[in-house]
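What TrEMBL records for this protein:
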- B:93-109: transmembrane segment (TRANSMEM)
- B:115-135: transmembrane segment (TRANSMEM)
- B:147-165: transmembrane segment (TRANSMEM)
- B:198-216: transmembrane segment (TRANSMEM)
- B:237-260: transmembrane segment (TRANSMEM)
- B:280-312: transmembrane segment (TRANSMEM)
- B:324-344: transmembrane segment (TRANSMEM)
Amino acid sequence: MTSHTPLLSLTDITKRFGTLIANNAISLDLHQGEILALLGENGAGKTTLMNILFGHYVQDEGTVRVAAGGDVMTTLPPGSPGAALAAGIGMVHQHFTLAENLSGLDNIRLGTEPLLSFGRRHAARAKVEKIITESGLDVDLDRRVDGLTVGEKQRVEILKALYRDARVLILDEPTAVLTPQEAEGLFAVLRRLAANGLGVIFISHKLGEVLAVSHRIMVLRAGEQAGELVTAQADRRAIADLMVGKAVAEVTRTPGARGRALVEFQSVSLGKPGHRAALHGVSFDLRAGEVVGLAGVSGNGQSAIAALISGLAVPDSGTMRLYGDPVTRADPRRLVAAGVARMPEDRQHDGVVGTMSVADNIAIEEVRSPGFSRYGFIDAKAIRARATAAIAAYDVRCPGPDAEARLLSGGNVQKLILARVLERAPRVILANQPTRGLDIGAQAEVHRRIIAARDRGAAVLVISEDLDELFALSDRFLVIHAGEITDAGPAETLDRATVGLLMAGQTHTPETLAS
Amino acid sequence: MSLRLEPREHAPLGLRLLVSLLAGAIALLFVAIPVMAAGANPCEAYVLMAQGAFGSMFALSETLNRATPLILTGLAATVAFRARLWNIGAEGQLYMGALAAVLVGSGFLQLPGPIMIPAIMLAGFLAGGLMMVVPTMLKQRFGADEVVITLLLNFVVILFIQMLIEGPLKDPLSMGWPQSVPLLAEAKFDKLVPRLRTHWGLIIGLVSALLLWLMVKKTVLGFEIKAVGENKPAARFAGIPVDATMLKVALISGGLAGLAGVGEVAGVKGYLSADLSPGFGYSGIVVAMLAGLSPIGSVLAAIFIAAVFVGADSMSRATGISNYLADLVVALSLLCVLVGSFFLRFRLAPANPKVEA
Ligand SMILES: Nc1ncnc2c1ncn2[C@@H]1O[C@H](COP(=O)(O)OP(=O)(O)OP(=O)(O)O)[C@@H](O)[C@H]1O
Ligand SMILES: [Mg+2]
């Protein structure tokens with residue numbers, strides 16, 4: 001049972017960045033055994049609040065207090081991650097902070113003791129293994145971190161926090177990068193940890209998982225505390241109301257007019273044969289006026305397909321055709337000029353240059369085109385004007401076109417990329433995880449724009465792990481498994497179970513499944 | 001009240017200037033210690049140094065003459081470091097530029113007078129540029145570390161030059177001195193002021209700084225270099241030709257260092273010798289760092305470093321204190337600017353900002 005003294009208590013936390021108020025007098029309590037979901041639109045201030053709690057940022061006003069035994073609570077010194085750690089606060093950032101060339105175990109021990117103490121290594125392993133049995137966080141401790149999957153890395157991060165005797169665990173959008181299966185596993189772990197007395201705060205944009213896992217929901221809106229709900233009494237509508245202040249319109253999809261093939265893959269192979277993430281003789285096409293959903297567990301060849309359509313690679317064998325002509329050179333610029341819109345999967349890594357301005361990042365694909373430069377000179381005015389319009393049209397929340405892109409919140413970086421690629425009325429769209437990390441309002445907006453582009457005659461390939469998203473958008477399904485693609489047919493003939501079976505590698509066609 | 005470090009969102013121009021100025025000033029202050037140890041009065045020493053560097057037309061000319069190659073090697077480091085291409089080979093590139101100037105400008109080729117100077121400049125630029133393009137290609141092809149390659153090439157080049165000026169290029173009239181045949185008269189840079197050593201190379205340096213500034217701020221190439229330097233995968237994804245951009249940077253960087261060599265041969269010495277540069281290539285790195293990788297700042301930093309060298313020489317003649325002092329100032333100012341650049345990324349903030357009860 002939860003005790004009356006909270007584990008953790010934030011009082012009137014305010015944080016300003018220049019004139020922007022990222023957090024305005026936020027207060028919250030977290031009790032033992034409680035899972036609290038922190039919700040809010042992109043840029044609402046969720047990450048900022050957690051960074052204050054963990055000591056990465058210094059609040060302008062307000063206090064963070066933690067339970068110190070009995071009914072006593074002590075105030076944490078602001079801006080001291082060391083003190084936060086010592087007080088039992090553990091944080092798993094959205095971008096992992098592991099040393100890639102060390103084993104999982106060494107990463108967990110890192111910073112707690114000298115690395116070259118062999119006796120202690122044994123004791124440490126025993127302690128970690130005990131935590132693993134208690135929590136179900138299964139991971140190969142001796143593998144180097146760069147050989148682990150995203151889900152495994154995340155488990156190492158959580159183990160690292162627990163190893164330091166965390167009593168409060170903070171997870172910033174932990175499921176954004178996980179497959180649905182991995183996310184289920186994570187929730188099982190969180191439930192067990194909470195049952196053992198830990199307090200958990202997690203940030204998410206996925207209302208389904210919030211409703212399934214949390215006990216309590218707190219919503220931020222534009223830096224303000226918009227409200228709190230007990231999950232058992234909440235539903236999607238109530239949460240959405242609190243988050244955006246109005247109901248979110250669902251996208252509706254009318255049947256489209258399927259045109260000619262704009263992109264064709266003909267027995268395309270790419271990558272090391274036999275490797276799971278390589279492509280093996282894949283054939284399919286993307287037609288004008290059609291959204292094709294590519295379903296599959298990540299790591300089954302999706303990145304290879306994305307690399308081909310992005311112009312980062314050409315097939316090892318077979319042909320990829322664009323508008324009927326074979327693409328023979330890996331040249332993103334040519335594809336962009338030909339009207340291909342590309343969204344990278346990892347937007348922080350491949351999508352933006354953090355130290356360049358928002359405006360420059362919007363123009364970056366087309367700096368050489370006449371609209372943005374003349375005789376090799378940048379037309380800064382045109383770039384700014386385009387950015388100002390795009391910021392408004394795509395609701396990119398940022399201080400302005402001159403702000404550095406690294407200061408944008410995760411979801412707003414994605415909006416920036418949408419503004420970059422969709423504004424040109426593209427003929428082919430590669431939407432790779434298009435709504436990862438976007439709030440529900442922004443998700444609906446992206447869906448609306450994708451459908452609008454389709455109605456205008458664009459061919460769209462959506463790569464996503466979110467089946468709900470794929471069913472909302474797709475006219476037709478492709479399923480990828482171990483580098484091979486099955487054409488699963490029109491969306492109307494499919495249900496989640498069928499797609500799920502194909503994703504798991506069942507080689508039946510839909511017809512034989514139906515019979 | 002204790003202090004803590006907080007990352008800065010960005011560092012304003014004024015602060016960046018302040019860091020560079022303070023770094024230079026602190027380095028000069030530190031030098032008081034060895035000066036006192038040598039039994040001299042530091043205040044007097046500073047005055048002597050300042051007079052030696054700026055006290056007369058002659059002194060000023062000497063300082064600017066010293067600054068000329070430093071501006072160009074400083075710009076060479078600036079453009080490369082901005083793209084995260086670690087060119088440590090400006091010294092070798094300078095010598096290759098000088099060699100090219102001698103090959104083209106000493107009568108081996110019959111060129112009409114008016115195009116002689118453009119020709120030796122172009123040759124020097126290309127020779128220096130090639131010395132940086134090749135290591136960059138090795139880096140792209142085989143992942144070879146450009147720091148090691150360019151650094152070691154400096155020694156290879158100087159040995160190669162020594163071989164040439166003791167052998168095929170040796171001036172038969174030099175009475176045995178290891179120096180090359182001289183440049184033709186029409187291949188030499190004019191002096192800016194009669195009877196003073198400052199030459200047209202200074203103008204070349206200033207124009208190069210302006211052009212580089214223009215490139216960085218206003219051109220597509222500058223935009224692309226920035227993107228490639230700051231985030232290669234994102235630049236590649238956006239369609240910027242990463243390898244080609246790096247090669248352009250390499251050509252410009254090595255080429256500027258090559259021009260420094262052309263200037264020393266055509267503007268100062270008139271022939272190539274193995275003591276053409278007292279480490280201008282390496283000092284260029286200090287210049288670039290001190291300037292915070294700003295092209296215009298490089299001009300000022302180069303003049304500062306040159307003034308330290310020239311001033312220290314003159315002070316040393318007056319007081320008998322060794323002119324190694326200059327090297328000490330240069331090294332210290334590099335250290336200070338490295339410390340200072342840390343404060344450009346972080347600020348000191350009170351550890352306990354006001355907290356409401
Ligand atoms: N260091 C900073 N300097 C200036 N502005 C910042 C800084 N960090 C965050 N911001 C701004 O503060 C606001 C809140 O950002 P925060 O990252 O907390 O949003 P978020 O709720 O986590 O959003 P998302 O769901 O997109 O991750 C944003 O408008 C962001 O641009
Ligand atoms: Mg965030």
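Including glycine, each Cβ sits where the backbone N, Cα and C put it.
Any TrEMBL annotation is an automated prediction that lacks curation.
Taking Cβ pairs closer than 8 Å, the transmembrane segment (B:198-216) reaches residues 61, 64-65, 67-69, 71-72, 75, 78-79, 82, 121, 189-192, 222, 225-226, 252, 256, 259, 262-264, 266-268, 294-296, 298-299, 302 in its own chain, all 6 or more past its ends. Within its own chain, the transmembrane segment (B:324-344) has Cβ neighbours under 8 Å at 8, 11, 15-16, 19-20, 22-24, 26-28, 30-31, 34-35, 283, 285-286, 289-290, 292, 304-305, 308-309, 311-313, 315-316, counting only residues six or more beyond its boundaries.
Tallying C-beta pairs under 8 angstroms between the transmembrane segment (B:115-135) and each of B:93-109, B:237-260, B:280-312 places B:237-260 first. Of the candidate ranges B:147-165, B:237-260, B:280-312, B:237-260 contributes the most Cβ pairs within a distance under 8 Å of the transmembrane segment (B:93-109).
If you look at the transmembrane segment (B:237-260), the same-chain residues 6 or more away from its ends with a CB under 8 A from one of its CBs are 68-70, 72-73, 75-77, 79-80, 82-83, 85, 87, 89-91, 93-94, 96-97, 100, 121, 124-133, 135-137, 140, 204, 208, 212, 221, 224-225, 227-228, 277, 280-281, 284. Listed as Cβ neighbours of the transmembrane segment (B:147-165) (distance under 8 Å, sequence separation of 6 or more from its ends, same chain) are residues 86-89, 91-92, 95-96, 99, 131-132, 135, 138-139, 178-180, 272-274, 281.
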